């Protein structure tokens, strides 16, 4: 039974291989389209390889630290040098998923554009297949690596190292990718749209290739690494708590639910079909719904592996209660996605209010957008609170972990739908730059519009899953560190709470400033090219795309280091400093989880709302493109870009990474 998980991971990778071959056999279009696609592909892969080369030093340092700490706590059962093997495996699997997804996404984009010359259904098929490769790579490598590590070592504490490896890569991928894409996006929008008055994806814009590369490094590789981390983190939290609470077969159930989720996602992918002129959103929703229903049925069967009645700690629970806790997580994920859609879609009042406020200038646009983001935290918090209380009543701490597993059981489908968006967006950019028939751009714009909605829902889902996963990992940490309660009368704990509450703000400041510095360089370069290259604005000369790509790449690699180290070093420092220790660290994790979740929701939703308010005006409202309201909305969207694509999403990984660092090094903290 234990081998079923890694075998299912292999099935996912085989399905990804089948989809890759299908995409590669598709027509990549005319020479001009292929030339543009090659530039995007080479820029994306160059960034990814440079990022991975930079991370080698971090991985080697962390590996050495784990080995040293393992020998220092050799007498402690849970801290062993072998944890370093699991850590390296986690980093390699995360890197592998990102590499596979990026390779295929940057090939699917041009083929989607070419397919749109024939039919919208063909374009949807290619774009979703490209997204599905990323989805299957995430769940396939995640479950294969995790399943093998669990089977070989049969020690949940060693398995924790796999989650640490996944988290380490995820944070750098999210931050680095977010800085890259937003530096390019801000430069392309402010100088191209506002100052030069040229449309989006216009080939005269020097930052246009960097902008399209950024869609891939941020929204494909970065997003995939984020959900890869949540996926393995939720499973590992379930395994760790089951082992700590001595639940019979409890370590097996999370792996089985994940395996069932992979099969459900594969079957659901075959239902993403639509007729000509039909709604692509409906097709994606159908595939997601089929996968979710199959996962629910499979989860019920998987929980039958548990005894009908069992004891965890001093409490008695049932297998039916575990099933109910898992479903509570799944429902919470769906609800948070829908709440996110309400606050970020142009179909609803919040975005329309921001568009309306744009009529009186940038200031009122910013004020309305910020207030919308803050207001959007209320319902997700209530949903998470209800899910936590319900899952705890159903199955205790193990129930909270299983709620996170349930929410992430169909990660294969979630990533596929999310990664579909940037592929469709790139296809539209290629169609514009290659000067294809306007009908092609109309089809790709329709697919991209759906992609914007799915991306917003995906961000909400990622944030919700991060909160539950972080809480489950926090529960595993308290069990490993033998902390029975967080005592709010203890000054050390209160100090930890305040430090933890501050960290997401510091992290957001560092990442926002990084985007600002990188965008400044990009804006200066784009302005320079418009002024110094004769005939560029008339379309008679070609801009220096490579220079803008180099600026984004260099800035992203340089600026991702400090925020990444912050998430690892702060919990280690608090846990090791005399007078603070494991209790203060518990307070820090609690404080960071609360404020980090709130910041993530606020920033992601405010940014998404600003973006769609701009698109709402571009659709013809309040004067349409070129109007004063549109200029204000573009400025608001530019502020929102690092909110929704850099700082907000990276906040998810911050709270999970700090918790998993604490969990892995808990034996070391206990011996001080």
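Each residue, glycine too, has its Cβ placed from N, Cα and C.
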Handout entry: According to Swiss-Prot, which candidate in 418, 425, 437 joins 212, 215 at the Mg(2+) 2 site
Key = 425
Practice task
Could you check the binding-site residues 182, 644 and say which one's CB has the fewest neighbouring CB atoms inside 10 Å?
Solution key: 644
Fill in the blank from the handout: Given the Ca(2+) site 611, 637, 641, its other Cβ neighbours within 8 Å of the Cβ centroid, in chain order, are 185, 189, 607, 610, 614, 636, 638, 639, 640, 644
Problem - the transmembrane segment (82-102) in contact with the transmembrane segment (317-337), cutoff 8 A, at least 3 CB pairs, sep 6+ - result: no
Problem - Proximity verdict for the transmembrane segment (461-481) and the transmembrane segment (397-417), three or more C-beta pairs under 8 Å - result: yes
Handout entry: When counting Cβ pairs under 8 Å to the transmembrane segment (370-390), the leader among 55-75, 227-247, 317-337, 492-512, 650-670
Key = 317-337
Exercise for the section: Residue list, the transmembrane segment (584-604) vs rest of chain: Cβ under 8 Å, 6 or more residues beyond ends. Expected result: 340, 373-374, 376-377, 380-381, 384, 456, 459-460, 463, 466-467, 470-471, 474, 477-478, 481, 483, 486, 492-505, 508, 570-571, 574-575, 643-644, 647-649, 651-652, 654-655, 658-659, 662, 669
Practice task
Take the Cβ of residue 611 (Ca(2+) binding site) and count every other Cβ within 10 Å, whichever protein chain it belongs to.
Solution key: 27
Exercise for the section: Find the shortest Cα-Cα separation between residue 182 (substrate binding site) and the recorded positions 455, 611, 637, 641, and name the residue that gives it. Expected result: 641
